[in-house]
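Enquirer: Just lifted these from TrEMBL, have a look:
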{"type": "ACT_SITE", "residues": "141", "note": "active site, proton acceptor"}
{"type": "ACT_SITE", "residues": "396", "note": "active site, S-methylcysteine intermediate"}
{"type": "BINDING", "residues": "161, 165, 168", "note": "[4Fe-4S] cluster binding site"}
{"type": "BINDING", "residues": "216, 217, 250, 273, 274, 275, 353", "note": "S-adenosyl-L-methionine binding site"}
{"type": "DOMAIN", "residues": "147-391", "note": "domain 'Radical SAM core'"}
{"type": "REGION", "residues": "1-30", "note": "region 'Disordered'"}
């Protein structure tokens, strides 16, 4: 997983997007068949509904739920402190609550949502990848990256992803289902609990930064993600008390959702996964571009900057001989500056991480340097992303469960690659 170098209550209603046929397919239960090239999947193939959890509720809703159990409302605050400050749901830790009611309270407010299936370690223990099973069977992953001065947690917002970007393993899975707010927040709580108890290499600590760069397109799951951002930002006992500049939401470019985030003043820092400066190439690399093109997503990102004052991160996976040419770096600079100058964005070029079944590779380091220098020569702040966890498939674009690829899909994918390469070389 990679981390950005410069990420500077009521749930909202879902964002309206144009209808898309449900393209999900299962060869056998639990095994996803790869989406056909270019196809988008906005609707999940499964609609598992997890039980309601304390983290799904506002303070007022928690109080009302406690009172329905015949307990005084202040018990809701005590439960919230245990969850958001002490990171515990263990009945034995709830010593300020009536002993005879603790098991009942845990069953009601802390139903099990995530079961740890595995944990893999990389970078001498500084990177930890967790595989979680949801209550109804699908798998999701999260990655914790420890640095000398911070701990960054990359979290998933969906099981799978319907955006179908060809260089991303998760994008080949298709979308199984969206996660609830509590399922997302549980990834954060459990990581905080492990850090607080010294259960991970590197000693005790807590999560300092959250990046929505795991499995899924966060803004395709708008309502739960907006709720999660509010909970992350709200001070305890309502939430985890993290600053908006420490919460980064990455999107492939759902422009209506970006505008909704801006209008609702959701506390976060925005990252846009652009990956190409021209629509012809981006249509192939990021298929949602056929609905919301580069101008539209950059307009929405500029409006976000103007409203919040928070600089936008532009994510750009550098793919050898596809999008890493110097003229594309110049075109990227021109398009970004045309929106509002160089001060409103920071570009994070990302060395492409290897994905099973893909022949695309990372750019030559010398090419990376030229790309970055071209941006800097135009006054744009740019930093090559730190890459973590690639040897355990925990890096950016590598998170995925097992996906079945049929002969037809393989042929379609190979044709898509040839199309991309033709577009990439057309202006060389």
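One-based numbering along the chain as shown.
Cβ coordinates are placed from backbone N, Cα and C, and glycine is handled just like the others.
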Enquirer: Going by DSSP, give the three-state secondary structure for residue 168 ([4Fe-4S] cluster binding site).
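Expert: Assignment for residue 168 ([4Fe-4S] cluster binding site) reads coil.
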Enquirer: Please work out the number of neighbouring Cβ atoms within 10 Å of the Cβ of residue 275 (S-adenosyl-L-methionine binding site), leaving out its own Cβ.
Expert: 25
Enquirer: Could you measure between residue 217 (S-adenosyl-L-methionine binding site) and residue 161 ([4Fe-4S] cluster binding site) for me? Cα positions, answer in whole angstrom.
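Expert: If we compare the Cα positions of residue 217 (S-adenosyl-L-methionine binding site) and residue 161 ([4Fe-4S] cluster binding site), the gap is 6 Å.
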Enquirer: Spatial neighbours of residue 161 ([4Fe-4S] cluster binding site) among the recorded positions 141, 250, 273, 274, 275, defined as Cα within 10 A: which are they?
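Expert: Those close enough: none at all.
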Enquirer: Widest Cα span across the S-adenosyl-L-methionine binders 216, 217, 250, 273, 274, 275, 353, in Å?
Expert: 18
Enquirer: Relative to the Cβ of residue 274 (S-adenosyl-L-methionine binding site), which residues of the same chain, six or more apart in sequence, are found under 8 Å away?
Expert: 253, 282, 286, 294, 297, 314, 315, 316, 332
Enquirer: Taking Cα-Cα distance, which of the binding-site residues 216, 250, 273, 353 are within 10 Å of residue 168 ([4Fe-4S] cluster binding site)?
Expert: 353
Enquirer: Out of 161, 165, 168, which of the binding-site residues is least crowded by other Cβ atoms within 10 Å?
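Expert: Output over binding-site residues 161, 165, 168: least Cβ neighbours within 10 Å is 165.
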Enquirer: Across all the protein chains here, work out how many other Cβ atoms are within 10 Å of the Cβ of residue 250 (S-adenosyl-L-methionine binding site).
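Expert: Cβ-Cβ neighbours of residue 250 (S-adenosyl-L-methionine binding site) within 10 Å number 23.
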Enquirer: Hey, what's the Cβ neighbour count for residue 141 (active site, proton acceptor) at 10 Å?
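Expert: I get 26 for this one.
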Enquirer: By the count of other Cβ atoms within 10 Å, pick out the sparsest of the binding-site residues 217, 353.
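Expert: 353, out of the binding-site residues 217, 353, has the fewest neighbouring Cβ atoms within 10 Å.
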Enquirer: Using Cβ atoms only, which residues of the same chain lie under 8 Å from residue 273 (S-adenosyl-L-methionine binding site) while being at least 6 residues apart in sequence?
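Expert: Correct list: 250, 251, 252, 253, 286, 315, 317.
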Enquirer: Can you give me the Cα-Cα distance between residue 275 (S-adenosyl-L-methionine binding site) and residue 165 ([4Fe-4S] cluster binding site) in Å, rounded to a whole number?
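Expert: Roughly 10 Å, rounded to the nearest whole number.
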Enquirer: Quick check for the class: what is the C-alpha distance, in angstrom and rounded, between residue 165 ([4Fe-4S] cluster binding site) and residue 353 (S-adenosyl-L-methionine binding site)?
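Expert: One finds 14 Å between the Cα atoms of these residues.
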